[in-house]
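Here's what TrEMBL has on this protein:
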- A:118-330: domain 'ABC transmembrane type-1' (DOMAIN)
- A:7-30: transmembrane segment (TRANSMEM)
- A:114-143: transmembrane segment (TRANSMEM)
- A:155-177: transmembrane segment (TRANSMEM)
- A:203-229: transmembrane segment (TRANSMEM)
- A:250-272: transmembrane segment (TRANSMEM)
- A:308-332: transmembrane segment (TRANSMEM)
């Protein structure tokens with residue numbers, strides 16, 4: 001294709017991407033470099049139905065004047081990125097100097113909000129992604145080998161978890177694992193421990209979130225692999241059969257290599273999605289035991305009354321960087337495959 | 001003060017009787033747009049306002065949403081603002097005043113004073129910033145039948161007595177986890193700290209500054225009380241907010257609860273619970289703690305505010321309409337939906353807890369600009385201590401560190 005033609009073809013997509021993806025990212029980055037103006041506080045007296053009290057309030061006129069002079073706020077450089085809520089260089093350095101054992105150091109790191117969230121996010125991504133790929137492939141092969149009559153209904157049933165809105169799906173599971181719910185009560189009975197609670201233990205909460213994650217994303221990898229299985233070349237399979245390959249050998253040496261490009265695609269999508277895990281944490285009210293990077297952003301924008309845009313922006317940028325780091329190996333692999341095929 | 005006002009209010013209601021009088025709706029043909037939280041008492045006020053003045057206005061719209069707090073600042077910032085009024089509470093008034101988004105109401109209060117009594121006015125440095133119409137606070141809910149069975153002869157008045165009663169109930173084998181509290185990670189657990197800390201007589205900030213001052217003996221004592229309470233609370237307490245605790249209470253799975261007064265009416269009504277629970281539930285003042293003299297609770301009010309960024313005519317029409325709804329008739333029709341600060345309110349059993357807590361001299365939720373940031377820091381950093389993963393000192397120093405970080409970003413600290 002001529003470069004000119006190519007340019008005109010790509011122009012609509014490219015401009016949409018610049019407008020809706022690139023520019024917002026630039027804007028978020030710029031916001032993350034600034035913090036709010038100094039708030040001018042004045043001592044005042046406030047009265048209400050419950051009596052009077054000395055208190056402070058903000059001198060809005062003085063603050064508005066500061067804001068007019070510098071609409072973006074005060075420039076803080078990368079200060080927000082390295083403060084306690086994020087990379088916490090000072091706190092990490094102190095922990096390193098003041099602790100004797102690696103375990104102690106680790107527990108101090110785990111006490112910092114960003115690292116705590118990062119550890120859960122990475123664990124979630126690292127466990128859910130491979131499980132979803134392997135189980136998705138297994139279900140796809142299973143459904144593919146079913147008699148024709150059963151195929152339709154089983155595809156439909158396998159897709160169901162994907163049709164449920166994440167928030168609703170996790171709420172349903174949340175109620176089921178409640179100590180009065182069907183799963184929670186059954187577990188109490190099985191282990192004969194009336195105070196056993198899935199919501200009160202960190203390990204069980206993590207397990208619950210991961211099980212939910214697998215359940216919810218499984219249909220995506222299943223349906224992609226199922227579509228891929230329809231394109232496995234018949235003659236290669238027949239040739240393998242004639243060569244005496246067992247079912248398992250055909251699976252490993254014919255089907256899996258054939259599906260390899262699809263696997264890269266599914267891995268890519270899953271890594272991106274899992275790294276941004278968010279809804280189940282809110283629905284499961286799991287904040288006491290597990291937080292994720294996306295949850296921190298949400299919390300910064302919501303909890304304190306006045307949104308901390310700088311903090312949220314910094315976490316967003318680091319999430320993007322994290323996704324890029326995770327995707328790099330997969331992207332390099334895809335690029336190599338592409339080049340091999342092109343020549 | 002609280003009850004005396006209520007008494008005069010009730011006497012007044014009798015005088016007014018049911019004589020229908022035309023409400024003064026201020027300038028006609030204006031657009032009235034209200035943003036409000038979503039609970040029955042607020043619906044009652046806005047519906048009464050619309051019935052009185054909806055016809056005189058060109059537009060009368062109310063957005064009742066539980067997300068009001070999240071959107072109010074953004075909605076009131078443009079000029080003209082998205083809403084002409086926000087129905088708000090202590091903490092949210094501060095949140096709007098921080099950005100200068102609500103206007104002083106002194107002139108309007110003078111002009112439309114029919115349904116307003118002085119104790120309803122929220123004034124800051126002489127400026128009336130809001131007109132309160134209902135009160136709320138946390139307080140004790142107790143099951144008298146279970147207490148009797150466990151050999152506790154009176155309703156606990158202090159946290160020490162609450163814990164003692166809980167131990168007796170457990171020892172008698174009646175319930176393993178008799179206490180329910182809203183301890184969900186985030187706002188709720190922060191609020192529990194606030195009330196018990198205030199009960200200890202604690203101050204949140206160094207006077208006149210935004211420097212935190214909670215890492216002290218009172219803070220540690222507060223955390224220790226919370227820790228002991230959680231030992232008697234349902235194992236899932238870190239996920240419990242009002243809906244869950246109300247549910248446990250109505251299911252008869254708790255004997256002692258620290259819950260919001262606004263849950264009193266729904267718990268005592270004949271829906272969602274059994275006769276055994278409702279007839280034995282007693283609402284009383286929030287307990288005192290550590291020999292303190294005031295109930296460990298935070299008092300809240302809900303009231304009317306008017307946006308800065310709207311025309312004076314719209315502001316006046318909105319204020320007149322909303323105030324026209326605060327009548328004794330409205331209160332009479334919705335008596336049990338809230339602890340009204342208005343004429344005609346007859347405090348029933350559902351209001352007993354809030355009234356006793358206010359009468360006992362509990363502190364209002366602090367109206368300090370940076371309180372939201374400290375509350376958020378408390379909400380996210382205290383659970384490690386309650387889970388048993390760190391010491392009280394460590395938890396409090398984490399809270400202060402987290403608060404300092406966000407307060408620096410918000411411009412409150414250098």
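Just so it is clear, glycine is given a Cβ too, placed from its N, Cα and C backbone atoms.
TrEMBL does not curate its annotations; it predicts them automatically.
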Chain residues in Cβ proximity to the transmembrane segment (A:203-229) (below 8 Å; excluding those fewer than six residues from its ends, i.e. six or more beyond): 120, 123-124, 127-128, 131-133, 135-137, 139-141, 143-144, 155, 158-162, 164, 166, 169-170, 173, 177, 197, 255, 258-259, 262, 265-266, 269-270, 273-274, 277, 280-281, 284, 286, 288-290
Feature contact check the transmembrane segment (A:7-30) with the transmembrane segment (A:250-272), CB under 8 Å, 3 or more pairs: no
Cβ contacts under 8 Å made by the transmembrane segment (A:7-30) with residues that lie 6+ beyond its boundaries: 1, 72, 313, 316-317, 320
Long-range neighbours of the transmembrane segment (A:114-143), counting only residues six or more past its ends (CB under 8 A): 85-88, 151, 154-155, 158, 206, 209-210, 213-214, 217-218, 220-226, 228-229, 251, 255-256, 259, 263, 266-267, 270-271, 274-275, 277, 290-293, 295-296, 315, 318, 322, 326
Positions whose Cβ lies under 8 angstroms from the transmembrane segment (A:308-332), at least six residues beyond its ends: 25, 28-29, 31-36, 73, 76, 80-81, 85-87, 114, 118, 121, 125, 264, 267-268, 271-272, 275-276, 293-294, 296-297, 300-301
